[in-house]
Each structure stands twice: as C-alpha cells, then as structure tokens.
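Participant: I have a structure I would like to understand better, so I am pasting it below and will then ask my questions one at a time.
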Amino acid sequence: MLWIKILHIFFVIAWFAGLFYLPRIFVNLAQQNDHPDTYACLLGMARRLYSFTSLLAMPAVMFGLALYGAYGIGLYGPGNGWMHAKLLFVTLLIGYHLSCGAMLARFERHENKRSHTFYRWYNEITVLLLFGIVTMVVLKPF
C-alpha cells in the first residue's frame with residue numbers, strides 16, 4: 001500500500017510541475033508576435049510539455065483511485081466531507097489541464113487573443129488548487 005501512495009505522490013508532483021511551467025511558456029508565446037523563430041521554438045516546447053504532462057496525469061489519477069479503493073474511504077459516512085472537497089479540487093485540476101490543451105491549440109492556430117498578463121495570472125490557479133488538495137488531505141477538516 002505504501003508503494004502505491006509513494007507512486008501517487010510522485011506522479012502528482014510531476015503532473016503539477018508540468019502544469020506550473022506550461023502557462024509560463026504561454027506567457028512567452030503571447031509576447032512573441034514579432035519573432036516567428038522564437039514562437040516556433042516555444043510552441044514546440046509547449047507541445048512536448050503538454051503531451052508529457054498528460055502522460056504523468058494518468059498514473060497520478062490511477063494510483064489515486066487505487067488508494068481510494070484500497071483504503072475504502074467512500075464518499076458517504078461521517079467525516080468524509082474532506083474527500084468530496086478533494087475530489088472537487090482534483091476535478092477542477094483536470095479541467096485546468098484540459099483548458100491548457102485548448103489554449104495550446106489556439107497558439108498552434110495563431111488565434112491567441114489573450115495577453116501575457118492573463119497567462120501570468122492563469123498560472124496561479126494551480127497554486128490555489130494544490131493548496132486546497134493538500135489542505136483537505138492533511139487536515140481532513142470535515
């Protein structure tokens with residue numbers, strides 16, 4: 001059981017690392033309208049990072065589901081409200097990940113309309129989600 005937990009934590013950290021960095025590449029892409037060579041290089045980096053981060057997300061979720069099943073926490077019963085909240089944060093994280101894919105597609109089509117400032121702020125969403133997830137898991141407040 002501990003190995004499953006170790007693998008879950010490892011892949012979650014790796015997944016978050018990718019999600020922390022990808023919007024930073026978007027910041028730079030949004031500033032490269034006059035530099036097509038730099039834009040192409042950054043776009044290639046973003047594509048590879050998104051693909052790799054997507055691969056890391058899958059085992060993070062799979063090992064998380066394995067832990068959920070193995071510990072028999074369940075969604076119902078007294079004291080399991082924290083799990084509802086954690087699953088909400090994880091669902092939002094998956095949505096954030098997918099939205100990064102949609103943003104990447106807009107950059108690939110040269111249809112980005114957002115400023116570099118937007119992407120700087122958008123990058124902070126992962127920090128809030130990470131804080132929420134860790135708080136629920138460690139404190140189990142309800």
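All residue numbers here begin at 1 and follow the chain in the order shown.
Glycine is treated like the rest: Cβ placed from N, Cα and C.
Heads up, here are the entries from TrEMBL:
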{"type": "BINDING", "residues": "His8, Lys86", "note": "heme binding site"}
{"type": "TRANSMEM", "residues": "6-27", "note": "transmembrane segment"}
{"type": "TRANSMEM", "residues": "48-71", "note": "transmembrane segment"}
{"type": "TRANSMEM", "residues": "83-107", "note": "transmembrane segment"}
{"type": "TRANSMEM", "residues": "119-139", "note": "transmembrane segment"}
Participant: Which residues of the same chain, at least 6 past either end of the transmembrane segment (119-139), have a Cβ under 8 Å from a Cβ in it?
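Facilitator: Same-chain residues near the transmembrane segment (119-139) but 6 or more away: 16, 19-20, 23-24, 26-27, 30, 82-83, 85-86, 89-90, 92-93, 96.
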Participant: With a Cβ cut-off under 8 Å, give me the same-chain residues at least six positions beyond the ends of the transmembrane segment (83-107) that come close to it.
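Facilitator: The answer is 15, 19, 22-23, 26, 29, 43, 46-47, 50, 53-54, 57, 61, 64, 68, 73-75, 113-114, 125-126, 129, 132-133, 136-137, 142.
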Participant: Return the count of C-beta atoms lying within 10 angstroms of the C-beta of Lys86 (heme binding site), excluding that atom itself.
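Facilitator: Result for Lys86 (heme binding site): 20 other Cβ atoms within 10 Å.
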Participant: Once near-sequence residues are set aside, which residues in the chain of His8 (heme binding site), 6 or more away, have Cβ atoms under 8 Å from its Cβ?
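Facilitator: Counting only residues 6 or more apart in sequence, the Cβ neighbours of His8 (heme binding site) under 8 Å are Ala60, Phe63, Gly64, Ala66, Leu67.
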